[in-house]
Amino acid sequence: MAPGGGDGRRNGGETQANGGKSSNGGCVCGFPVCACAGAAAVASAASSAEMDRVVAVAATEGQIGAVNDESWVAVDLSDDLSGDGGDDGVAIEDRPVFRTEKIKGVLLHPYRVLIFVRLIAFTLFVIWRISHRNPDALWLWVTSIAGEFWFGFSWLLDQLPKLNPINRVPDLTVLRQRFDRADGTSRLPGLDIFVTTADPFKEPILSTANSILSILAADYPVEKNTCYLSDDSGMLLTYEAMVEAAKFATVWVPFCRKHGIEPRGPESYFELKSHPYMGRSQEDFVNDRRRVRKEYDEFKARINGLEHDIKQRSDAYNAARGLKDGEPRATWMADGSQWEGTWVEPSENHRKGDHAGIVLVLVNHPSHSRQFGPPASADNPLDFSMVDTRLPMLVYVSREKRPGFNHEKKAGAMNALTRCSAVLTNSPFILNLDCDHYINNSQALRAGICFMLGRDSDTVAFVQFPQRFEGVDPTDLYANHNRIFFDGTLRALDGMQGPIYVGTGCLFRRITLYGFDPPRINVGGPCFPKLGGMFAKTKYEKPGLEMTTKAAVAKGKHGFLPLPKKSYGKSDAFVDSIPRASHPSPFANAAGDAGVVTDEATITEAVAVTTAAYEKKTGWGSNIGWVYGTVTEDVVTGYRMHIKGWRSRYCSIYPHAFIGTAPINLTERLYQVLRWSTGSLEIFFSRNNPLFGSTFLHPLQRVAYINITTYPFTAIFLIFYTTVPALSFVTGHFIVQRPTTMFYVYLAIVLGTLLILAVLEVKWAGVTVFEWFRNGQFWMTASCSAYLAAVCQVLVKVVFRRDISFKLTSKQPAGDEKKDPYADLYVVRWTWLMVTPIIIIMVNIVGSAVAFAKVLDGEWTHWLKVAGGVFFNFWVLFHLYPFAKGLLGRHGKTPVVVLVWWAFTFVITAVLYINIPHIHGPGGKHGHGALGRHAHGHHGVKLGGFEGEVYGWP
């Protein structure tokens with residue numbers, strides 16, 4: 001049976017329905033006695049009040065899952081997995097907070113069988129190719145064989161981790177029953193949310209403000225939710241924009257709670273064409289919405305005018321001081337003090353890459369009791385008398401930067417936030433978001449926390465949400481949604497050891513960032529229980545439990561740290577916070593948490609742990625926190641957790657949890673893919689190569705990581721496959737001399753199984769065939785440009801030890817969005833990455849034209865003998881059509897200029913070939929008449945090998 005068969009998942013379902021106990025008395029984790037049974041873990045801090053939430057609840061209250069056609073996933077909802085039916089008579093504390101659903105066997109079993117059928121057919125196909133040499137073009141034959149091997153190998157790397165896709169659905173009804181008390185308080189654990197930004201001009205400041213507002217308005221206990229904004233630019237513009245956002249939040253957040261607003265990002269909400277209201281008073285809602293919309297318009301006007309206001313204010317202060325020419329001109333805050341970060345007119349100690357660290361609390365930690373707002377009045381028409389108006393804590397952080405230090409870009413910012421938040425709030429869980437991502441579903445935080453509080457969830461390091469984007473054209477020309485990867489690959493990995501970390505929309509268990517091992521290791525899971533038992537680790541106990549032993553107490557409060565104390569830095573306040581970061585914490589105060597302290601001494605300590613020199617001679621960036629040394633710090637950070645035996649979970653809900661902004665044009669999209677592919681290769685050539693990972697890594701998880709770190713190498717072979725077939729029409733040298741019947745049989749099986757696998761995959765992944773094909777189109781564009789450039793850059797880095805630098809992907813629109821919201825997607829910004837796809841397009845047009853000319857000139861007497869080759873050339877051109885459209889076209893229109901240029905080049909080449917005798921030689925049809933019989937077989941091989949490639953990576 002294929003790994004991860006239906007029997008294993010059925011047993012897992014029975015385990016969940018029976019409160020964590022399997023039919024043989026054991027647990028799903030494979031251990032006779034474990035922490036899965038009994039009551040779930042409780043929050044480390046004391047209980048506190050939950051915000052008052054007035055929102056209509058549908059019949060399926062609390063269950064977020066695939067409820068619409070867009071996110072549909074075929075699942076079996078048998079009695080043992082139904083969730084509600086199996087919970088009759090089960091104590092509330094023992095009910096699971098999420099359900100695991102298996103994919104229908106009618107989709108999954110044929111899918112698995114076809115993978116092995118295609119593997120056998122492809123193997124026989126390659127054997128046939130090896131045994132049928134072409135002595136007239138031996139170098140082409142050898143190169144093509146190498147390409148066939150690589151395409152088959154990369155296809156296998158992509159398919160094997162997809163043998164066991166599953167679907168996990170959080171149950172918010174059970175979560176509320178277990179953790180929300182009748183008096184309105186909640187036992188949910190604390191959550192620190194990190195938002196990172198680096199440039200307020202390339203990353204629109206209004207987008208960042210909307211992200212912060214959506215976080216403050218999310219449905220999570222107010223006193224348990226803290227938002228941290230990391231500003232790597234250190235500019236006053238970002239800080240004052242957050243001050244304005246905090247002011248507007250006093251209106252926006254109560255409005256969302258009162259009327260159950262979705263989504264809770266104001267820009268996206270007010271752009272909705274319709275505003276269905278499910279509350280109690282339609283008239284009250286209309287009046288409130290009109291008032292809040294006016295407040296938001298004024299808020300946007302203030303945001304857009306901040307840059308001018310700051311400059312004008314600073315000029316006035318500097319003029320009043322009578323500064324002379326050449327003296328530093330400071331940037332001034334609204335309270336009349338100098339800004340400690342980057343100045344508008346940079347000077348020493350006040351410019352990008354050289355400024356002091358800043359930690360400012362914009363919204364203080366709220367009280368534990370609800371605070372209702374004022375009733376409506378003449379001055380305040382908004383009635384919040386029955387609404388909790390408290391706001392979550394909001395903190396602005398700009399780490400210190402100094403010349404001579406490598407600040408490690410985003411990874412360094414995340415590590416600084418980790419230490420700063422530990423000193424201030426030290427929540428056991430961390431959610432990281434990019435500044436252009438906002439919370440689209442107010443239940444997203446609760447949905448993610450379900451996978452951290454369920455049975456056997458103490459071995460889960462992180463929960464990854466899929467990335468969703470807005471501002472993408474309806475045809476998704478550049479495959480920005482990339483749902484084949486998110487809903488296909490990541491969902492399938494959830495059936496193994498878990499999805500990879502993709503940089504944003506990820507919920508972490510804090511202690512995993514400190515280098516801790518999991519309390520137990522069961523990499524096998526329900527589908528491979530014996531495999532998990534082989535690698536079970538018994539010498540390690542949970543950090544919180546170990547602290548209760550006498551031996552640990554004798555060692556001192558830092559005795560249980562997995563690494564030496566000096567590895568964490570010189571801050572005792574930070575190191576003291578580590579034991580309290582576990583969930584549940586052994587230091588939880590039964591009398592209740594005294595609250596978060598933000599006095600001057602604490603803020604000073606928070607600034608100290610963000611200094612540029614703090615990480616010197618420590619384990620940060622290697623064994624602790626986000627990993628350095630690659631531009632894709634996300635992938636390698638998740639990998640380091642997986643090789644320790646930690647697991648991860650995939651959480652896809654509807655409405656989508658988070659929505660971000662996609663790159664605005666082809667140039668930015670190619671640079672984004674270049675950064676990703678370069679980072680993947682950097683991991684492959686580093687000590688984090690998955691080939692040498694620990695035995696705690698699930699075998700198929702290892703295969704997935706190998707695929708992630710090697711996919712850019714496809715460019716080397718793809719360039720050959722997209723050019724040589726076309727040039728063969730000109731040179732007369734082909735790869736296959738004479739195809740046989742078995743060749744066509746193997747080719748038909750390889751191509752047929754590929755198409756059937758694609759249909760089955762898009763079905764269980766819940767995507768469309770169009771999305772699959774669009775992903776394939778951009779895969780070819782990226783392979784011919786960004787992947788090839790990544791290979792060259794990394795080879796230069798490895799050989800010559802030269803660092804690679806990247807510019808920040810711009811999300812700032814430059815066109816007129818009112819006339820055409822997608823205008824910027826087609827703004828041409830020339831880059832050297834476009835050269836190779838343009839050459840491939842020209843080569844294939846010329847090759848097809850030469851073949852056409854040879855038929856007309858009589859060199860090849862039968863169309864059928866070149867039909868296969870010409871078809872392949874047009875197949876390549878069709879895949880590169882989105883690239884050509886983005887280069888020359890316009891949204892919503894067929895770019896006639898593209899077709900005209902293609903036709904013009906085709907005709908001119910054919911005419912020149914026919915009318916210049918020395919090109920094709922004397923005698924017309926007698927010059928190369930023997931070449932025609934090879935053309936179809938040659939290009940058939942290209943289809944067989946090329947179609948075997950994977951469309952799964954961006």
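The chain as shown is numbered from 1 upward.
Glycine too: its Cβ is placed from the backbone N, Cα and C atoms.
Per TrEMBL, the feature region 'Disordered' maps to 1-22. Among the features that TrEMBL reports, transmembrane segment is placed at 111-130, 137-157, 711-736, 743-766, 778-800, 827-851, 863-884, 896-916. Summarising the annotation, TrEMBL assigns UDP-alpha-D-glucose binding site to Lys202, Glu203, Asp232, Lys409. Residues or ranges marked as active site by TrEMBL: Asp232, Asp634. The Mn(2+) binding site annotation in TrEMBL covers Lys410, Asp434.
Structure coloured by features recorded in TrEMBL.
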{"residue": "Asp232", "record": "UDP-alpha-D-glucose binding site", "contacts (Cβ under 8 Å, 6+ apart)": "Thr196, Thr197, Ala198, Asp199, Ser398, Arg399, Lys401, His407, Lys409, Ala413"}
{"residue": "Lys410", "record": "Mn(2+) binding site", "contacts (Cβ under 8 Å, 6+ apart)": "Thr196, Ala198, Trp626, Glu633"}
{"residue": "Asp434", "record": "Mn(2+) binding site", "contacts (Cβ under 8 Å, 6+ apart)": "Val195, Thr196, Gly503, Thr504, Gly660"}
{"residue": "Asp634", "record": "active site", "contacts (Cβ under 8 Å, 6+ apart)": "Tyr501, Val502, Gly503, Thr504, Cys506, Trp626"}
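Fewest other C-beta atoms within 10 angstroms, among the binding-site residues Lys202, Lys409, are seen around Lys202.
Residues Lys202, Glu203, Asp232, Lys409 are listed as the UDP-alpha-D-glucose binders, and the farthest two of them sit 15 Å apart at their Cα atoms. Counting every protein chain shown, 22 other Cβ atoms lie within 10 Å of the Cβ of Glu203 (UDP-alpha-D-glucose binding site).
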